[in-house]
């Protein structure tokens, strides 16, 4: 009789059996990339339509800013919940259920706007609800990939899926502008919400079984904690310096990322008033897409070549936090528009290397509760990005103005701030004074 394997080996074999095969991983990567694209498509629909809606409903800048920033109010509240649910019932189920809800709300936004005379109240409520539903996406995604993707393929998978954020923003900005001119602002919401619901139908029909979804709904309704994982020692987990380093790294990096996201257009408009807006608003984010894919490919390639995972994660983090900050500093010390675009593109592009650094390292630290940990870290990052973007911009103003002119604080960053916080699922991008190296 064959001896029984040790419990540790049996648990490891069970985890490997539950991981996706190479064809399954490819299908899911493409599907989740499209899902992330649609997530951001629904997210930026309101900013694209804000001016037209303000004209129709008579909103002033303050009221429009309330609608835009209200997304963040809900977004920060469900990060931890989404990660915990992903660890419990499966990230793919959490993603599908939340996408169903935010797709319906997005498509129904034009109808909600005309329910009564309280347009501002209805739109603010819909944005808060959308933020609540989308807040679970990236923590649930982290939980899913930590359990289903092999460590040697995890970086490219996460980077490829994360590239959907830039792609979705650019596509919706371009297509949404055309729809806005041709069919009016309601068509933008119909477009993004309708595509999301089509994506949900595809995932439901071809990738998930009805039995799994019914079980997930039952768990959510009854609150029954079903999980094949053992109880997580939370107290011991939060005593580890690496966990707190991950949280502080996400917090500090998010601050710098949101500063660039919120104030970079203002920097170019004030410093180079005759420049074309589409260049500095589009080129850096176009560069970020291949940069994100390359970072994931490079990370997995180095691991497959025999380099230690810890060393690779450190290297990617140095690129994403250290080298990107060098280009960000150079941005404020040049009088050339072309050089400024190059520096901005390099900084934002290198920031995507964090997909293969801290974002994946959280999955390495605790695969069984990666969604929960990412939710905690991303909540801190989103809060910091929203609350400190204005303060950070004051501190960064001397570097940003670079002797070319004074940057005054317009009302735009207050509106962008709410939507910027919605990007808190993205990684941080600036070197931190915290000892992030202890993360490894």
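Glycine is treated like the rest: Cβ placed from N, Cα and C.
Curation plays no part in TrEMBL annotations; they are all automatic predictions.
Cross-referencing 14-33, 34-53, 94-113 with TrEMBL places the feature transmembrane segment at 94-113. Range annotated as transmembrane segment by TrEMBL, chosen from 243-263, 348-368: 243-263. Between the stretches 220-240, 283-303, TrEMBL puts its transmembrane segment entry on 283-303. Among residues of the same chain six or more beyond the transmembrane segment (125-145), those with a C-beta under 8 A of the stretch's C-beta atoms are 32, 35-36, 39, 42-43, 46, 67-68, 70-83, 85-87, 90-92, 94-95, 98-99, 101-102, 105-106, 109, 112, 154, 157-158, 161, 359, 362-363, 370-372, 374-375, 378, 422, 425.
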